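Database features (TrEMBL):
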COILED    231-286  coiled coil
TRANSMEM  6-29  transmembrane segment
TRANSMEM  41-60  transmembrane segment
TRANSMEM  99-120  transmembrane segment
TRANSMEM  140-160  transmembrane segment
TRANSMEM  189-211  transmembrane segment
TRANSMEM  303-322  transmembrane segment
TRANSMEM  364-394  transmembrane segment
TRANSMEM  406-426  transmembrane segment
TRANSMEM  483-506  transmembrane segment
Amino acid sequence: VNNPLLLVLTLWFEYFFLGVILAFCWVYIRKFQSRQESEVVSTITAICALAIALITSALLPVDIFLVSFMKHPNGTYKEWAANNETRGQIEDTVLYGYYTLYSIILFCVFLWIPFVYFYYEERDDDNVNKCSQVKNALKYTVGFVIVCVVLLLIGAFVPLEAPPGQNSTQWEKVQYLFEELGSSHGLPALSFSISTLTLIGMLAVITYTAYGMSVLPLNLIKGTRSVAYERLENTEDIDDVEHQIEKLKTKCKDGRPLSSRDRNNLQELEGKLQVLQRRGRHLEIAERNCCTKVGSALRPFKILLGIFFILVALLFTVALFISNLDKALHSAGISSGFIVFGTNLTNPLNELLLALQPVFPLDYILITVITMYFVVTSMAGIRNMGIWFFWIRLYKIRPKKTRPQALLFLCMILLLIVLHTSYMIYSLAPQYVMYGSQKYLVQMPSAGPTSGNATFGTTRICDADAPEDQCTVTRSYLFLHKFWFFSTIYYFGNWAFIAFLIGLVVSCCRGKKSVIEGEVEADDSDLSDDEYVH
């Protein structure tokens, strides 16, 4: 902290990290954004929301690193962290970092994104001016704000400790609630709101992330179909449709009108012909595209990467199953949120992280990779599935053809998924997420008849049996277990996540994707091809 060079390097690293995230978000949004329907406000909103999601996901590895960095490998505190007050300040800084980012997520989910979404929806009416657009968008956004206020009020007055006894007056009970609110500075209100959003994020993880963990590696392994073969097949389809059209048109050469059934068939065939012709143009462009040739050259690397992702998915599934089984067998039960102190069953991922501790910074790199893996697979799941509301498909996510509303939905779903990611990673490696790589000293009596009362110090990895002043718990763990009933729901959500990984079987049954997957649909206009032609 007192080293000026270290401070400068830290600041430059933060700026570089932020720049990389913003650059990635800009490229990602521009890749899928429709060129015909793009708007500055919705684009900036989507980029900022996606950046906030990625920055928030990076906070857990930082939290684990800071509690681990306070101690030496021999279990003693470093000189700058020997004071309890100094450690408390660092812990509070991390906690306020969580609350700051989570407050921004609340602002995005309940105000910013809904306002921009409804503002853009009002543009469809040509008779509405700017003032009316803003007014109507605010009117619809008020509903989201009311929900947010209700959640904050519920969280503010939910007692975390035992309330006054039965003999207390009503005024004493009300006074107790306000004293609780004042002593905690309203932080439980924010925690309750974020935990409620995390429940929605859990549903998104169960659907999109579970599907993405299966479809991403299998798409890498299977690859795409041959462009030349697709062009040949498309040409044959065009000839077949043109033949059917000519056959129908010969029926009216003598002046007789076509029947209603033939007219409908003719209209369907002409629409199908237009789609096939546009598909042929896209395939021709893809065949000349250098990215297609580079992708073919990187085919062995993609297969290896896909196999690696499958192994990671299997490791996560096994670790999550063992962690949930441990909670089912050894936790205090449903009323405690299935909290289990320590690990009673061997968790492979937790053991791997603990084994990597001696080689700095491999364990921090691995926990960062795990966090980013969840984000990447979630993005892949949303990309392949689209935006759904129960059984109704609202929007498709397609390269250069995604509507602004769909991008706003995508970013909102990612924000919710990131909230639940911390609990997922805690479930995968509970002991490591709780204490990081901390160790503590234990005085053991010396063996032998001449040792007397002599003792020697030995180091142990921090767990639930460690003295409270010797091991610092991460702020993420405390935040996740603030309300026991949310932890209970998250526990059952993990079982549902394991069950939904059956999407792996569904993905295996599907064939190879087209090299122009998602670029051509029947409901596209011919004008949408302009951006591909140039």
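These residue numbers are counts, starting from 1, taken along the chain as shown.
Glycine residues also receive a Cβ, built from the backbone N, Cα and C atoms like all the rest.
From a predicted model like this one, the values you see are computed outputs, not experimental measurements.
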- Mind checking which residues of the chain, 6+ beyond the ends of the transmembrane segment (303-322), have their Cβ under 8 Å from one of its Cβ atoms? 213-214, 216-221, 223, 345-350, 373, 424, 427-429, 494, 497-498, 501, 504
- So what's near the transmembrane segment (99-120) in sequence-distant terms, Cβ-Cβ under 8 Å and 6+ beyond its ends? 39, 41-42, 45, 48-49, 52, 55-56, 59, 133-134, 136-138, 140-141, 144-145, 147-148, 187, 190, 193-194, 197, 404-405, 408-409, 411-412, 415-416, 418-419
- Is the transmembrane segment (364-394) in contact with the transmembrane segment (189-211), using three or more Cβ pairs under 8 angstroms as the rule and ignoring pairs under 6 apart in sequence? yes
- Note on the structure: Sequence-distant residues near the transmembrane segment (364-394) by C-beta distance (under 8 Å, 6 or more away from its ends) are 28, 32, 53-54, 57-58, 60-61, 64-65, 68, 204-205, 207-213, 215-216, 219, 312, 349, 352-353, 356, 406, 409-410, 413-414, 417-418, 421, 424-425, 428-429, 432-433
- Over the coiled coil (231-286) the mean pLDDT stands at 80
- Note on the structure: Same-chain residues at least 6 beyond the ends of the transmembrane segment (406-426) with a Cβ under 8 Å from one of its Cβ atoms are 29, 32-33, 42-43, 45-46, 49-50, 52-54, 56-57, 60, 102, 105, 108-109, 113, 116-117, 120, 194, 197-198, 200-202, 204-205, 208-209, 320, 367, 370-371, 374-375, 378-379, 382, 386-387, 394-397, 433-434, 476-477, 479-480, 490, 493-494, 497
